[in-house]
Amino acid sequence: MTTTIDSFAGEDILSVNQFDRASLNAIFGIAHEMRVLVERFGGAELLQGKILANLFYEPSTRTSSSFTAAMQRLGGQVIPINNVQYSSVSKGESLPDTIRTLESYADVIVIRHPEVGAAATAAYYAEKPVINAGDGVGEHPTQALLDLFTVQEELEQIDGLTVVMVGDLRYGRTVHSLTKLLLNYNVSFVFVSPDILRLPADVLEAVQTSGHSYSQVEDLHSVIGEADVLYMTRVQRERFTDLAEYDRVKDFFIADKALMAQAKEKMIVMHPLPRVGEISYALDDDPRAAYFRQMRNGMYIRMALLAALLGKA
Ligand code: NCD
């Protein structure tokens, strides 16, 4: 386990299991400084001369562009491979060879891939740090870090909160990573999903063995009044083999004004985005709607992580 920020230098970021409260505090402190830096000066030259390879085998808007912005605001440069269909991957190149290629040009590799464990495989072959930007239905650790940072910034505490996670808890990798990361704190969980989209057994088991209080329900209205954090998610259409099943469950939970009328006055609504109907646009003006601020926090967290991995934090 890595506990100080210095010990992240040269490391990979593959799973939230690598973090504890001390390292989270350190990263959040740096991310907060990055925010101040960006707001005052637009950035700094901390990573001048460094190059990041941004390798995305799955679609992305926020994760990809916030890594790019993070690197560029710290004075570094980016090799963007967002269209692997135009790279040698489409000629049949293996992941290890693609990784060996990129690390001969870059100092750090960010990878998103449809297979669970792909980032770990990349890290096995790479000497340079590898960051998991989503491995299929597995993990999305940097999203969980920015999610938790958002809770800390918005509510000024994490201990004592009730976190209500809603939607596709089965395939949503952001839910898997955030749930595990939250086990470092004294929180209560409410998991709201249709029966077929409940948390995977391994994540549920981690919650159970940790002794945190939790419940699994199918009705959002009955629990909304307890929420300090309402974490909405998209039903992950691309993970379904049977699209009729997807159609059946996709509109189960919608956060709208009627729902928010039953919520606490001091609470936040989060979403990793993209939203595809589960949060009404009418909520965007509600001060409790934190999802756009959350998205912006992604850049500060990724600036902090890049600085830490490249030994400049
Ligand atoms: C998420 C992802 O890719 O897992 N998006 C993101 O990184 N912000 C969530 C999603 O696609 O639903």
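Heads up, the Cβ atoms here are built off N, Cα and C, so glycines get one too.
Whatever TrEMBL says is automated annotation, not expert-curated.
Taken verbatim from TrEMBL:
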- 12-153: domain 'Aspartate/ornithine carbamoyltransferase carbamoyl-P binding' (DOMAIN)
- ARG62, THR63, ARG112, HIS140, GLN143, LEU273, PRO274: carbamoyl phosphate binding site (BINDING)
- LYS91, ARG173, ARG234: L-aspartate binding site (BINDING)
- 159-308: domain 'Aspartate/ornithine carbamoyltransferase Asp/Orn-binding' (DOMAIN)
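Locations of recorded TrEMBL features on the structure.
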residue : record                           : contacts (Cβ under 8 Å, 6+ apart)
ARG62   : carbamoyl phosphate binding site : LEU273, MET295, GLY298
THR63   : carbamoyl phosphate binding site : PHE56, ARG112, ALA133, GLY134, HIS140, THR142, GLN143, GLY298
LYS91   : L-aspartate binding site         : none
ARG173  : L-aspartate binding site         : GLY134, ASP135, GLY136, VAL137, GLY138, GLU139, HIS140, GLN143
ARG234  : L-aspartate binding site         : GLY167, ASP168, GLY172, HIS271, PRO274, ARG275, VAL276, GLU278
**Counts by DSSP class (helix H/G/I, strand E/B, coil) across the domain 'Aspartate/ornithine carbamoyltransferase Asp/Orn-binding' (159-308)** = 61 helix, 24 strand, 65 coil
**Request:** Over the domain 'Aspartate/ornithine carbamoyltransferase carbamoyl-P binding' (12-153), work out the mean pLDDT and round it to an integer.
**Result:** 96
**Prompt:** Which binding-site residues among ARG62, LYS91, ARG112, GLN143, ARG234 have CB under 6 Å of ligand 1?
**Reply:** ARG62, GLN143, ARG234
**Item:** Number of other Cβ atoms within 10 Å of the Cβ of PRO274 (carbamoyl phosphate binding site) across all protein chains
**Value:** 10
**Item:** Near-site residues: carbamoyl phosphate, ref ARG62, THR63, ARG112, HIS140, GLN143, LEU273, PRO274, CB cutoff 8 A to centroid
**Value:** SER60, THR61, ALA133, GLY134, THR174, PRO272, GLY298
**Message:** Around the C-beta of GLN143 (carbamoyl phosphate binding site), how many further C-beta atoms are within 10 angstroms, looking at every protein chain?
**Reply:** 26
**Prompt:** LEU273 (carbamoyl phosphate binding site) has how many other Cβ neighbours within 10 Å of its own Cβ?
**Reply:** 20
**Fill in**
Reduced DSSP state (H/G/I helix, E/B strand, rest coil) at ARG112 (carbamoyl phosphate binding site) is strand
**Asked** How many angstrom lie between the most widely spaced Cα atoms of the carbamoyl phosphate binders ARG62, THR63, ARG112, HIS140, GLN143, LEU273, PRO274?
**Response** 16
